[in-house]
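According to Swiss-Prot, the protein carries these features:
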CARBOHYD  Asn56  N-linked glycosylation site
CARBOHYD  Asn400  N-linked glycosylation site
CARBOHYD  Asn401  N-linked glycosylation site
CARBOHYD  Asn438  N-linked glycosylation site
SIGNAL    1-20  signal peptide
TOPO_DOM  21-461  topological domain 'Virion surface'
TOPO_DOM  483-508  topological domain 'Intravirion'
TRANSMEM  462-482  transmembrane segment
Amino acid sequence: MDTMITTPLILILITCGANSQTVKPDTASESDQPTWSNPLFTYPEGCTLDKLSKVNASQLRCPRIFDDENRGLIAYPTSIRSLSVGNDLGDIHTQGNHIHKVLYRTICSTGFFGGQTIEKALVKMKLSTKEAGAYDTTTAAALYFPAPRCQWYTDNVQNDLIFYYTTQKSVLRDPYTRDFLDSDFIGGKCTKSPCQTHWSNVVWMGDAGIPACDSSQEIKAHLFVDKISNRVVKATSYGHHPWGLHQACMIEFCGQQWIRTDLGDLISVVYNSGSEILSFPKCEDKTVGMRGNLDDFAYLDDLVKASESREECLEAHAEIISTNSVTPYLLSKFRSPHPGINDVYAMHKGSIYHGMCMTVAVDEVSKDRTTYRAHRATSFTKWERPFGDEWEGFHGLHGNNTTIIPDLEKYVAQYKMSMMEPMSIKSVPHPSILALYNETDVSGISIRKLDSFDLQSLHWSFWPTISALGGIPFVLLLAVAACCCWSGRPPTPSVPQSIPMYHLANRS
């Protein structure tokens, strides 16, 4: 191996070992870690539609996969208190609303001969966080375009209505910093509601969320110690990813001392029947944040494995982006194999939906595949379908009469081909664009910025175009041509009764 490569690796291992704590618990025990770490299947529970939002294909993320091989390690019973969401997802979601400011504009163009073109446009208005809370809002169902205001021989007569309305949107809340977290926010986070979003006319407002410094209830867990060095390697508990302790250190937060794990979780650990408290050297910095904000490479020691599964997911992601389509099989690659709070994905009518939800380990699937039994459960449960129908579920699960689970179907010799059927992916529209009712008298509906209203984008009919080109000169030219043609005709013999002139005028 090249010395340029080995030297950094040795330094990493030395650094990781420097903070490790040596302990000698009194009682060893069997851990149930292998039971849930690689279960038959995992599936979300309680993941309702209000916890999901549309994302583009580029926003899909492959799950972390942790190596739970415990060779050379001894498990000891312990209790863990976490200043994180622990096994309960309730506190991590904060309910709120997108507040939109949109101008509904009806445009009428009337030609010289009375022909009309009516266009309707949504015009984005700038909305500040101060303005967002100052006006009464309505719901999306109450929106409407104003009646056209038309004037003879005039183009682009506008009739405008401004609406402030809300659409439901839940976001995540960092239990440490109390920041609101969502890809809609500038920089992905916001410290205080209301929050500015990437869209100039949309602001997010939500409730206060979880109180600061709340810790979860004590969790029964296991502490894993190296047999030879007696150094603490990790801690585990059902429904949570392993807490890596290779680079753990002590940090003060909310007036208490906490262990900051490799991925940034804050926990406290007691062992030997509660008589001993696990501690580490003091952290060199005071960074706190939701897990995953710290250096992920800490898990390269022994907690991240299954590079094949990770590579399969990355290849699936590349295929989805390049083809702009997804199959249930490809979507199944984004399922986390570990229970706990994970990213979940579903497809519905060409859109990809994403959420952060609690997933459970599935120990058994019924013979007809319609139900499953979760780990430690005594009864079977139906698969949750977030869209209320009997076809689409999470991570490629689909089917009506027969439930097809791509992760399990791939092992069947005669697998169902429906899991290979591609679905075209729709891009996520601007959040202010809604299903626009039964607008039958309109040549086009578009959304525009206030400062870029473009007359060339109008959809013209023939007669208003005449007026735009200059109706009167055009009509005069026609009249002159008609007179010339008329005067050039040979004279006709007189008749006893002539056609009244107003008849001739009506025909021209």
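Residue positions begin at 1 at the first shown residue.
Every residue, even glycine, has its Cβ placed from backbone N, Cα and C.
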Between Asn400 (N-linked glycosylation site) and Asn56 (N-linked glycosylation site), the C-alpha gap once rounded to whole angstrom: 27
Rounded to the nearest Å - Cα separation of Asn56 (N-linked glycosylation site) and Asn401 (N-linked glycosylation site): 30
Lowest local Cβ density (other Cβ within 10 Å) among glycosylation sites: Asn56, Asn400: Asn400
Residues that sit under 8 angstroms from Asn401 (N-linked glycosylation site) by C-beta distance, when 6+ apart in the chain: none
Per-region confidence, the topological domain 'Intravirion' (483-508) (mean pLDDT, whole number): 41
